[in-house]
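Listed features, source Swiss-Prot:
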type	residues	note
TOPO_DOM	1-27	topological domain 'Cytoplasmic'
TRANSMEM	28-48	transmembrane segment
TOPO_DOM	49-254	topological domain 'Lumenal'
CARBOHYD	Asn74	N-linked glycosylation site
TRANSMEM	255-275	transmembrane segment
TOPO_DOM	276-290	topological domain 'Cytoplasmic'
Amino acid sequence: MSFDVRRFDIYRKVPKDLTQPTYTGAFISICCCVFMLFLFLSELTGFIATEIVNELYVDDPDKDSGGKIDVSLNISLPNLHCDLVGLDIQDEMGRHEVGHIENSMKVPLNNGHGCRFEGEFSINKVPGNFHVSTHSATAQPQSPDMTHIIHKLAFGAKLQVQHVQGAFNALGGADRLQSNALASHDYILKIVPTVYEELGGKQRFSYQYTVANKEYVAYSHTGRIIPAIWFRYDLSPITVKYTERRRPFYRFITTICAIIGGTFTVAGIIDSCIFTASEAWKKIQIGKMS
């Protein structure tokens, strides 16, 4: 007696002439196919799309930077001449630089009565400050007007990624034109290291920051202190990491199989219930007629 492998077939075939098509079954089949197509396209879209997961940890992500952070500053002072505007930098490592001019540019505004300062410079990864003032001017003005608009203040590499909302330029658009002309402005910054990791594993380093500010007119025993625009910064020990991820292929296949199998099973149960109820109703009607 030869062994017949067909005995293991769990998908036994029923001759077509023994099946009975119904309008209800056709309707359920069409709805079933449309439903499966909709779910398949939804899962395919989710599989192709990249999701961004964020996490927090304590570490310095950019150890190769040499302990430096690049800063980009763009600020307009519409009532202060460019000859008077300067940038000073100092920190807890002993750095004290007055009138920083490297990689900076001054653009006259309002027919020379105002100035837009654009500069790129580096700061050490220690608490410190940089400030826009008239300290580097040859002759100090009597009443410098420090009203201003901050167009940009950003730290680290430029990071513009869709679906990532962050405070990379938190002071961009800050308008202090209606402030007291003789007031100093203190911006207290907490810089947060940020890492963005792409699907291929490439990492980009940047910095977000939170800000609090105050405005005041300062005095000493000798009289009023020359106003300035201060940016006092400190670094957060917490790093924010954004990681691009895509759903694994095996999960996509598992979900598709579940959609197809589950839909066919539920549709078969519904069709069977409707058909059984219909046949029972027909028998009841025949019994009443007889």
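Indices start at 1 and increase along the chain as displayed.
Just so you know, glycine gets a Cβ as well, placed from its N, Cα and C.
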In three-state DSSP terms, the structure that the residue listed as 'N-linked glycosylation site' belongs to: strand
If we skip the immediate neighbours and take only residues 6+ beyond the ends of the topological domain 'Cytoplasmic' (1-27), which ones have a Cβ under 8 Å from one of its Cβ atoms? 271, 274-275, 278
Roughly where does the topological domain 'Lumenal' (49-254) sit in mean pLDDT, to the nearest integer? 87
Other C-beta atoms that fall within 10 angstroms of the C-beta of the residue listed as 'N-linked glycosylation site': 19
Under 8 Å Cβ-Cβ from the topological domain 'Cytoplasmic' (276-290), and at least six residues away from its ends along the same chain, one finds 24
